[in-house]
Structures are given as C-alpha cells and as structure tokens.
Amino acid sequence: MSENIDDIKNEDSKKIKIIKLRKKVVKIVTHNDLNGKNNSNSSINLDKHNNKVEYSQNRDNRAGGYSQNRDNRTGGYSQNRDNRTGGYSQNRDNRTGGYSQNRDNRTGGYSQNRDNRTGGYSQNRDNRTGGYSQNRDNRTGGYSQNRDNRTGGYSQNRDNRTGGYSQNRDNRTGGYSQNRDNRTGGYSQNRDSFPSQYQVSTKKTYVGKNTSQNKYTTTPMSFRRVIKAKVPSIVSSASSVDSENIKELNRKLGEKKKQQQESQKSYKRKKAETESKTIEQKVFEQLQKKKRENLANPIPKSIDIMGSITVSDLARKMNLKSSDLIAKLMALGVMVTINEKIDSDTATILVEEYGSKVNVVSIYDETFIEEEVEDQSKRIEKPPVITIMGHVDHGKTKLLSVLQNIDINQTESGGITQHIGAYTIVYNGREITFLDTPGHEAFTMMRSRGAQVTDIVVLVVSAIDGVMPQTIEAINHAKEANVPIIVAINKIDLPDSNPDKVKHQLSEYDLVPEDWGGDTIFVLISALKNIGISELLDMILLQSDMMLLKANPSKRAIGKVLDAKIDLGRGIVCSVIIEDGTLYIGDSFVGGVCYGKVKALISDKGVSVKSVGPAKAISVLGFSSMPQAGDPFQVTKTEKEAKLISSKRQDLKKYESSKNVKKVTMLNLYDSIKEGALKELKIILKADVQGSVEALKNSLEKLTNDEVRVRVVHSSAGVITETDISFASASDAIVIGFHVRPTSKAQILADQEKVEIRKYNVIYDAISDVKSVLEGMLEPDVEQQFIGFAEVRAVINVPKVGVIAGCYVSRGIIKRDAITNVMRDGLQIHSGKISSLKRFKDDVKEVAEQYECGIMIDNYANIKEGDIIEAFEVKKIKKTFKT
C-alpha cells in the first residue's frame with residue numbers, strides 16, 4: 001500500500017512540472033494550405049478532443065511526439081489509449097501507472113504481468129514477449145511499437161511499411177519528416193504535396209492549458225518542446241477553407257495548363273515561321289549564287305564547234321549544266337544523253353535558244369600556231385643536220401664513234417643501235433649535227449623521222465653485203481623527204497669488199513655515182529681503219545654549202561621531237577631537234593598534243609645550257625605529259641596560248657578516234673565473229689624511250705595470223721610500276737619491259753598476282769620469244785596414222801557389259817584407245833573408239849599381228865561377223881607460227 005502511495009506522489013510531481021510548462025505561452029505556426037483529402041496541418045498537429053498541438057505526426061487529429069497516439073490520446077514516450085494518462089508506464093482503463101502498470105486492480109513491479117503473463121521492462125499482452133516497446137498481437141517490438149506483424153525501429157510502421165525516425169504511411173518514404181501520400185518531408189511534415197520549411201505559418205495563436213497530462217517530447221532535429229495549446233478558431237472552418245483552396249488550386253492549375261498549351265502553340269508557330277524563312281533564305285541564296293555564277297561565267301555570244309559535238313562538251317563551251325541542255329533538247333523533241341553527239345544543225349538551234357550563235361569551224365585550222373612574220377635579213381647560215389642511215393651491222397654507229405672519238409656501241413645492248421641519237425661535232429671550225437638511226441626493221445618510224453628533220457642523208461652500205469632491205473627503205477625515206485643522199489661505202493678494208501657491185505646495185509635506185517655520170521656523191525670509207533673519214537666530212541660541208549642552209553636565230557623556236565623518255569630523277573625528258581629559231585629556258589611550248597614550259601636544257605655532252613640555236617639537238621625538261629616521237633615542237637607567246645592549242649589538238653585526236661570506230665553491219669558481221677574467235681596474247685609494253693615503245697609495238701602487232709594475234713593493251717615509256725601490274729592482272733596480260741625493270745613494289749605485287757614479267761635488252765629476243773608463245777597457242781594439226789586392222793570372227797553379247805567382237809588381227813597391231821572405222825562390204829558404217837581390248841580375260845594395251853583378241857567399241861553394238869575393224873592412231877603435230 002505504501003508503494004502505491006509513493007507512486008502516486010511521483011506521478012503528481014510530474015504533473016505539476018507539466019502544468020508549469022503549459023503556462024508558457026508559445027506561438028503556434030500553421031500552414032496556409034490544407035490537404036484536401038486528409039484535412040491535416042503540415043507543420044502542427046491538432047488534437048480536436050483535447051486541443052493539443054505538437055510537431056510530431058498525428059493520425060485522426062491526434063497529438064504525437066516520438067510516441068504515436070491513437071483515438072485522441074495524449075502521447076509522450078508512452079502511448080496512451082482511451083484518454084489514459086501515460087508516463088513511462090502505460091495505463092489501461094483510467095488506471096494510474098508508474099514503472100509498473102496495473103491492470104484490473106493488479107499490482108505491478110518493473111514488469112507487469114497480465115493474465116499469467118511474464119513481465120519485464122516491457123509489458124506483455126496475451127502471452128506476448130516484451131522489451132522496451134510494447135507488442136501487440138504476437139508482434140516483435142523494439143523502441144517502436146509495431147502493429148499487424150510490422151517490423152519496427154525508431155519509427156512506427158503501419159501495414160508492412162519500412163520506417164526510420166519518421167513514420168511512414170501507405171508505402172511512403174520517411175526521413176526526419178513524416179510523409180503522407182507520397183509527399184516529400186523535411187523537418188516539418190508535409191501533406192498533399194505542399195512545400196515545407198522548418199515552419200510555415202499563416203496565423204499566430206496562443207496555446208492554453210489542458211487537463212490532460214503530457215511528458216516532454218521533441219520534434220526530430222529541431223529540439224523544440226511540445227506544448228499543449230488551445231485550438232484556434234480557424235480550425236473549425238477547415239472544411240470550407242479546404243474546399244475553396246482546392247477550387248483555387250484547380251483554377252490555377254487550369255490556367256497554368258492553358259498557358260503551357262498556348263506557349264507550345266506559339267513555339268510551334270514560331271518554329272514553322274523560322275523554318276519557312278530558312279527555306280526561303282536558302283532558295284534565295286541559291287538563286288543569288290546561280291546569278292553570281294552566271295555573271296562570272298556568262299554564256300558566250302558565239303561558240304565554235306566542229307561537225308558534231310557531245311552534249312557535255314557543248315555545255316562546257318556555253319558555261320551551262322549538261323542537265324539544262326538535256327531538258328531544253330527534250331522540250332525541242334530531241335532525246336539525248338550527256339555523252340551523245342548532236343549534229344551542227346541541232347547544236348545551232350539549241351544555242352540560239354540562249355541567244356548565242358554557232359560557228360562551224362574545222363578543228364584542223366585551230367591546231368596550228370600562227371608563225372611570226374619573218375625578217376629575211378636576219379637569216380644566217382646554220383650548221384647542217386646529217387642523218388646516218390643504212391642496214392643493220394653496216395657500220396653506221398661505228399662511223400659516229402670515229403667522228404666523236406668514242407665507242408658508242410658500248411652503250412647499246414647487243415652492239416646494235418636501238419635508239420635515235422643526236423651528236424654535234426666541230427670540223428674545220430664548223431659545226432655538224434649527226435643523227436644516228438637504228439637499222440633494224442622494227443625502227444622504220446625512227447628512220448622516217450630522221451629523214452624528215454635532216455638536211456642531208458648519209459647512206460652507209462657495206463662493201464661486202466651490198467644493198468639490203470633496210471638500205472632500200474632508207475633510200476625511199478630520203479626520197480619522200482626530198483633530201484639529198486651521200487653514199488658511204490664502208491668496210492673497203494676487207495678482202496671480200498666489192499665497191500663496184502654496190503654502185504651497180506644502187507644505180508638501180510637512181511643513185512648513180514658522179515664518176516658514172518650521175519649526181520650522187522659516193523665516198524669509200526673504212527670506219528674501223530679510219531679511212532676516208534675526212535673526205536666524207538668535206539663532202540658533207542660542200543653539199544650543205546650548195547644547199548645554202550640558213551635559219552633565223554632571233555625567232556621563236558621550231559623543231560621536232562626525236563624521242564621521249566621518263567627519267568626517275570628528272571621526269572619526262574624529250575630529245576628535240578631545233579630546226580629554226582632559238583629555244584630559251586622559261587619558254588612556253590606545244591609538243592604534239594602536250595604543252596609545257598622549259599625548265600632545263602641539257603646538251604648531248606650532258607651540260608646544262610640556257611639556250612640552244614638552230615640545227616642543234618637538245619634534251620628538254622618541262623613537258624606536261626609524254627609526247628610521241630616525231631611530234632612537232634613549237635614555242636608560243638604565252639603559256640595560256642600553249643594550253644589552248646594543246647586542248648584543241650586533244651579534241652582533234654578524240655574526233656579522229658571517234659571517226660575510226662568500227663560499226664557492226666551485216667557486211668562486216670562475219671568478220672567480227674571471226675575476229676572474236678581469234679586467240680589473243682595480251683601484252684603490256686614498257687620501254688625506256690617512246691621511240692622504242694613505238695618500234696616494238698609495231699613489230700609485235702604484226703605477229704598475227706588466222707588463229708592467234710598479239711594485242712598490246714597498253715604501252716608507254718618508263719619503268720614498270722604497280723599500276724602496270726594491276727592492269728596486267730585485270731586484263732590477263734604479260735608485261736614486257738624493254739631496257740626497263742620493275743620497281744621493288746611492282747615486283748612484289750607481280751609475285752602476289754602471278755603476273756609474268758619478261759625483260760629484254762635486244763629487240764630480236766623480244767620478238768622471238770613472243771613468236772614462241774604464239775606457237776604454243778596454236779592448235780596442233782591432227783593426223784590419223786593407220787596401225788592395223790582385224791577381222792570379226794565372232795560376236796559375243798555379254799549382259800550388262802555390251803557387245804564384244806571376237807577378232808583376229810590380220811595386219812599391223814591393234815591398240816587400246818585407238819580410233820576405228822568399222823567396214824562392211826567395203827563401206828564405212830561406223831567410226832568410234834576402242835573402249836576395251838582383251839586377250840582372253842586379261843586387259844591389254846595392244847595386240848600384235850596374227851593374234852586373237854576381244855574388241856569392244858564405245859557406244860556401238862551393231863557389229864556382225866565378217867566386219868573389218870580398221871585401227872588408227874591420232875598424232876598431234878605442232879604448228880609453226882607463220883604470219
């Protein structure tokens with residue numbers, strides 16, 4: 001009884017302290033906005049029944065601290081039920097409690113036992129284990145109290161919700177603040193997505209006393225005491241305020257949504273306007289650009305064309321697009337493609353549509369360079385240009401060696417001349433330029449060019465061999481060029497020499513010696529023994545004096561390309577003979593269809609010079625591309641003029657090529673089919689100089705007959721490159737290099753692509769090897785040679801095998817796989833091949849005369865007794881190549 005009295009006293013002292021705290025008036029801060037659904041404050045909790053307000057979270061308008069109150073119960077650390085005053089102990093049914101709680105007038109200690117329940121610090125209900133926290137309905141407890149099998153920590157969880165310091169409801173995340181309905185919390189409690197600060201207030205109010213007892217409670221992280229206060233009058237009208245706030249909120253949301261829609265429409269409208277302006281700007285810029293282009297490249301007032309022109313070329317001349325011309329032609333009813341040609345009449349109509357005119361001209365007139373008006377008073381004597389011609393091995397090059405005191409043959413493979421050479425010597429104070437031409441039949445064009453650029457031809461004829469085919473050819477070249485001939489009969493030092501025989505042979509070609517009453521100069525020489533050389537030079541100077549050779553060194557240079565090659569260190573190097581005028585470094589020129597500007601001039605001695613005059617041979621560096629040997633060389637006023645002339649000549653070349661295109665007609669259809677049946681040996685030809693390329697190409701293309709032919713798919717001067725190997729691999733061709741070798745990379749690529757490269761230094765070897773390859777491509781001749789015959793004495797029909805003829809070899813031999821003719825009554829009734837030959841049951845290769853055997857003929861069963869089987873052996877005879 002005394003213990004109960006002490007407990008009551010302690011409880012009373014606690015109540016007195018709480019009453020003192022209540023006397024301190026505090027300001028309560030309330031939130032301006034209310035939750036439309038829960039009707040609860042976010043910063044304060046209102047206890048409707050007991051008029052208590054706390055910072056903790058309230059359910060059903062209950063005041064709370066760390067403990068949660070249910071059903072209008074005041075809470076501290078302990079939880080109160082049914083208006084019960086609580087401390088550390090909990091009271092039930094309006095019972096006063098201390099550390100121990102009494103139920104149903106039962107005495108309690110530290111542990112309270114209910115209905116034979118074990119107690120400790122925690123109070124157990126209905127056979128439940130307790131700790132500091134009170135468990136209900138077989139629930140595990142900690143500091144927090146769990147309901148309905150919920151795990152608890154400091155926070156109290158409802159309906160299987162995870163808790164922290166804050167209490168979560170309806171799967172809401174909590175921190176120090178308590179969240180409701182997916183609301184974010186801070187130190188204050190948020191309701192219905194309303195923003196929270198530490199305190200949000202719309203109205204200040206004083207809090208009065210309350211009869212209910214409370215303990216100290218603190219709001220998390222704020223460390224403020226919870227004070228009971230009277231509920232202000234504003235709470236009574238919460239429902240109406242909530243309704244108005246909801247309407248106001250909906251109205252604001254509607255206005256905001258409407259503003260967003262209008263803003264989005266405005267953005268789309270502005271974007272469309274911007275895009276439209278951008279498109280218009282682009283179109284305008286394109287029109288301006290086209291206008292500027294037209295101003296920069298206006299349509300010419302007149303254009304020059306030949307008989308026909310392609311649409312692309314016409315568009316280029318008119319500074320228009322090909323598509324524009326094609327569209328215009330379509331409007332005129334003419335359907336063409338970009339590379340299709342139109343005649344001059346159609347071109348005239350089309351050009352007139354654009355306000356221009358057409359001048360139909362001959363392109364030949366445009367390819368000529370207008371020469372200077374020559375002042376005859378400036379013409380002076382020039383050195384003679386002498387071309388040495390004759391048959392191979394008649395001593396032409398040896399003669400030049402004597403004239404220059406050098407051994408030229410050491411520089412030529414095989415001891416024969418395969419390049420045209422130019423040398424200048426001085427004799428009796430006068431210069432003489434010599435051109436050495438090859439004597440081999442393959443170098444006909446070189447000899448022809450030599451005759452065209454020369455002043456005098458020295459025809460070298462062997463006193464032993466006499467007149468040979470190339471001798472006659474040289475005579476014809478000289479006569480065509482209208483060039484005088486001096487005959488040098490060489491090798492007179494040999495015992496078998498017969499100069500008179502040579503004179504007699506040459507007289508048949510209108511070359512009659514002066515001592516025979518003719519006008520042709522004959523000189524007997526021996527280049528080996530240096531006999532008659534001075535006399536020959538004297539005759540050359542005499543002949544040139546009689547011809548009155550003159551030139552004007554002050555005019556622009558005119559000459560001819562003798563040869564061209566590619567030097568690895570210098571590029572394209574061309575040997576040019578200057579016929580008139582003087583060539584300087586820096587001059588612009590045209591050589592054939594090529595143009596260029598002189599970068600360097602190198603003499604025959606290998607010395608760089610600044611200029612070269614008439615009748616001199618010089619090596620020129622500066623060609624834009626490789627010219628052809630024999631092309632005319634001419635200096636122009638400007639580089640622009642040189643480019644224009646070069647372009648015109650290229651057009652002429654294309655025009656002539658287009659005219660030479662062979663069209664298939666009914667008349668030549670058979671020839672085309674026959675030509676397609678020919679076997680071709682495709683060759684890619686590379687040589688050191690352009691003249692050698694030309695000579696070797698002409699010689700190889702002559703190797704043609706009814707079955708095979710050579711086709712040079714590509715030829716040029718220079719080393720064998722990777723491009724040549726790739727071309728050969730694609731076209732299934734072999735590569736022939738004449739005096740050139742492949743680069744290291746080209747050789748590696750050739751090994752990878754299995755491309756055959758053949759290298760030659762002598763033209764004879766190249767032609768001979770190609771002939772051998774062509775012979776291998778020829779189909780061999782097939783001949784049937786009689787080897788024997790056999791008489792059929794029995795016919796045996798073997799099931800699943802066939803008909804076997806039992807034979808007796810009456811003459812010669814019978815071989816397996818031999819060709820047979822089956823003869824009956826003197827007539828051939830079948831021709832076939834022996835598929836099986838046996839002696840008794842053994843397979844044999846052949847059966848000799850007077851032996852019996854079994855013969856089965858392939859795919860033939862109509863054999864009878866008395867038939868004669870003739871056997872033949874097929875032999876293939878290799879053909880020899882004949883042109």
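Using the three backbone atoms N, Cα and C, a Cβ is placed for every residue, glycine included.
Looking at the stretches 490-493, 550-553, 778-781, the one that Swiss-Prot records under the feature region 'G4' is 490-493.
Swiss-Prot assigns the feature region 'G2' to residues 415-419, out of the candidate ranges 285-289, 320-324, 415-419, 835-839.
In Swiss-Prot, the feature region 'G1' is placed on 390-397, out of the ranges 238-245, 390-397, 406-413, 630-637. The binding-site residues examined here are Gly390, Asp393, Lys396, Thr437, Ile492; by Cβ neighbour count within 10 Å, the least packed of them is Asp393. Within the model, the domain 'tr-type G' (381-554) shows a mean pLDDT value of 81, rounded to a whole number. Lys396 (GTP binding site) carries a helical DSSP state (H, G or I). DSSP classifies Gly390 (GTP binding site) as strand under the three-state reduction. Secondary structure of the compositional bias 'Basic and acidic residues' (251-260) per DSSP, as helix, strand and coil residue counts: 10 helix, 0 strand, 0 coil.
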